[in-house]
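First the structure, in the form of structure tokens, and then the observations on it.
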Amino acid sequence: RPTNTSLSELHLTGIPGLQHLHHWISIPFCVMYLITLAGNSTLLCVIKAEPSLHLPMFLFLSMLAVIDLVMSTSITPKMLGIFWFHFTATSLDACLTQMYFVHAFSVMESGVLVAMAFDRYMAICNPLRYLSILTSPIVAAIGLATLLRAMVFMSPLTFQIRHLPLCSPAVVDHSYCEHMAVLKLACGDAAFSNTYSLSVSTYVGSFDSLLIALSYAFILRAVLSLSSPQARKKAFSTCGSHICVMALFYIPGLLSMYMERYHQELPPHVQVLLADIYLLIPPAFNPLIYGIKTKQIRDGARRMISR
């Protein structure tokens, strides 16, 4: 039944076809969320408390921690409410707010990952000019640019879906208000929203990952020219772990979106789990990969604890 005023309440199914396993699935999801909260909050406290960490690399890391906290908190509590208490109902406005935050902060995370790759490139390939190029105003401007890019890209998407007529039954086959899943409820012409969403995701995913790949290619070239095997091993270890986290962010996100768009014959629960993984795993792993493996962070944490 079409309604020209959008439906006021939607119902999220969680993970379609795996409702009987929701309680079990909630355990790793809850653990990852707790790790995300603890890891990113600790990272922010250590960086704020230690003046020696007020460097571009750690300022970008702080941005990433804030983005991860917002992104995880915008989906996980609601998801756990569905898994544990069957709280499937959500108002349309709450759903659109969640959608905006999830997608906008994903775009922001991608931008900050590019900035961090550029930061590593400057530190390793051009160390003498590092601090003269990446000054505090430049770091702030990069942070603001990633925020504005996310807002410019995601606002038309949310505005468009807000003004589409939606049909009953208002059931979204997803564990959060993912754009493509909500768009399936549209009774009107959703071609613009579909094409725009796909174009933005493809542009952000491919353009940003290309810039990151280029940065790391230059870094690896510089690393291979190092004479010390120990220095090479350390640089390879750092770059390898960074690339793994970035792959976990980009690959499942783009896969889930393309499969949703082109109706590939994949079980719905696989598509939903892929979308969940790209929003839950990187925020939990980022503080471990970027923080604990960094000597300055470990030293800063020790000093903070001893104080």
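Here the Cβ of each residue, glycine as well, is placed from N, Cα and C on the backbone.
Values in this document were obtained by computation on a predicted structure and should not be read as measured data.
Annotated in TrEMBL:
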TRANSMEM  24-46  transmembrane segment
DOMAIN    39-290  domain 'G-protein coupled receptors family 1 profile'
TRANSMEM  58-87  transmembrane segment
TRANSMEM  99-118  transmembrane segment
TRANSMEM  130-152  transmembrane segment
TRANSMEM  203-224  transmembrane segment
TRANSMEM  236-258  transmembrane segment
TRANSMEM  270-292  transmembrane segment
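Relative to the transmembrane segment (24-46), the listed stretch 58-87 leads the set 58-87, 130-152, 203-224 in CB pairs under 8 A. In this chain, the transmembrane segment (203-224) lies close to the transmembrane segment (99-118): three or more C-beta pairs between them fall below 8 angstroms, excluding pairs fewer than 6 positions apart. Listed as Cβ neighbours of the transmembrane segment (99-118) (distance under 8 Å, sequence separation of 6 or more from its ends, same chain) are residues 57, 60-61, 63-64, 67-68, 70-71, 74-75, 142-143, 145-147, 149-151, 153-155, 157-158, 161, 176-179, 182, 200, 204-205, 208, 211-212, 215-216, 242, 246, 249-250, 253, 278-279, 282, 290.
Sequence-distant contacts of the transmembrane segment (130-152) (same chain, six or more residues past either end, CB-CB distance under 8 Å): 55-56, 59-60, 63, 104-105, 107-108, 111-112, 115, 119, 122-123. Each residue in the domain 'G-protein coupled receptors family 1 profile' (39-290) has a pLDDT score, and their mean in this model is 86.
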